[in-house]
Amino acid sequence: MKNTVVTFAQAKQEQNKLTMLTAYDYSTAKLIDGAGVNAILVGDSLGMVCLGYEDTLSVTMEDMIHHTAAVSRGAKNALVVADLPFLSYHISTSETVRNAGRLVKEGRAQAVKLEGGTAFAEQIEAITRASIPVMAHIGLTPQSVNAFGGFKVQGKTQEAAQKLLDDARAVQRAGAFAVVLECVPGPLAARITQELSIPTIGIGAGAGCDGQVLVYQDMLGMFSELTPKFVRQFAPVGELMQQGFTDYIRAVQDGSFPAQEHGFEMDEQIVATLV
Ligand code: KIV
């Protein structure tokens, strides 16, 4: 069954946990979709886990469209949510709506995600008015890494916690269909979740959220540059890949690959006649 924004609303009402994982290419999207996840996020984490940047700031609209289109071709049942990259929704409302529209029109995403709370309510309203569902993202918003002074837990003081609760209310009021809470202490995330009528999707925000999201390379041990505390490794795929690559090199070097069964036969007489 195709997941839609209605699935998200129903899950909140019926208290069913939502699942979301990132993907950036066709074959991974197909595997994740086949596992039955509710949503696939084409995150701008793309910049770090696929493109090797140290943060997400250099990711472009063209990067996002290219990878979103690949994921959309592989996702049959999951809702495809694409990130609006840094500076694609900060300049003007018309540019914001145009960029959100490109992710839907060219990338075939069914929703977009943007980072920010109260300060971005106008953008959420404008995109929603164009019939594009918006997932908001508050707490640790990686596009603000320079303003935060690093990747840090958010909302720990009374003032910061109140601001996050107000941000959550503001994005809901502006029309967001869901909100990601990243690196938010569990009790605050649970309080926000109770307060909102839209689902909260946590990453490093405890079990009290309506759903969870992880970057797939993190949960499969494929990205060692940064291992956040909130990640659980569900399968040692990174290790297996490394082993597979090493075995391939050894097999090529010792002549055991390719074997007879990997090749194509022909009449050897033909080869013998070649001059
Ligand atoms: O870009 C991303 O992958 C994200 C998730 C971490 C929520 O925004």
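Placement of Cβ uses the backbone N, Cα and C atoms for every residue, glycine included.
Not measured: the values here are computed from a predicted model.
Of the residues Asp25, Asp83, Asp166, TrEMBL places Asp83 in the same 3-methyl-2-oxobutanoate site as Asp44, Ser45, Lys113. For ligand 1, the binding-site residues lying close by, meaning a CB under 6 A from one of its atoms, are Asp44, Ser45; the full candidate list was Asp44, Ser45, Glu115. The Cβ of Asp44 (Mg(2+) binding site) lies under 8 Å from the Cβ of Thr56, Val59, Met64, Asp83, Pro85, Phe86, Pro142, Gln143, each of these being in the same chain and 6 or more residues away along the sequence.
A gap of 13 Å separates the Cα atoms of Ser45 (3-methyl-2-oxobutanoate binding site) and Glu182 (active site, proton acceptor). Taking the mean position of the Cβ atoms of Asp44, Asp83, Glu115 as the Mg(2+) site, the remaining same-chain residues with a Cβ inside 8 Å of that point are Gly43, Ser45, Thr56, Val59, Leu84, Pro85, Phe86, Lys113, Leu114, His137, Pro142, Gln143. Spatially close to Glu182 (active site, proton acceptor) yet at least six residues away along the chain are His137, Ile138, Gly139, Leu140, Thr141, Pro142, Gln154, Gly202, Ile203, Gly204, Ala205, judged by Cβ distances under 8 angstroms.
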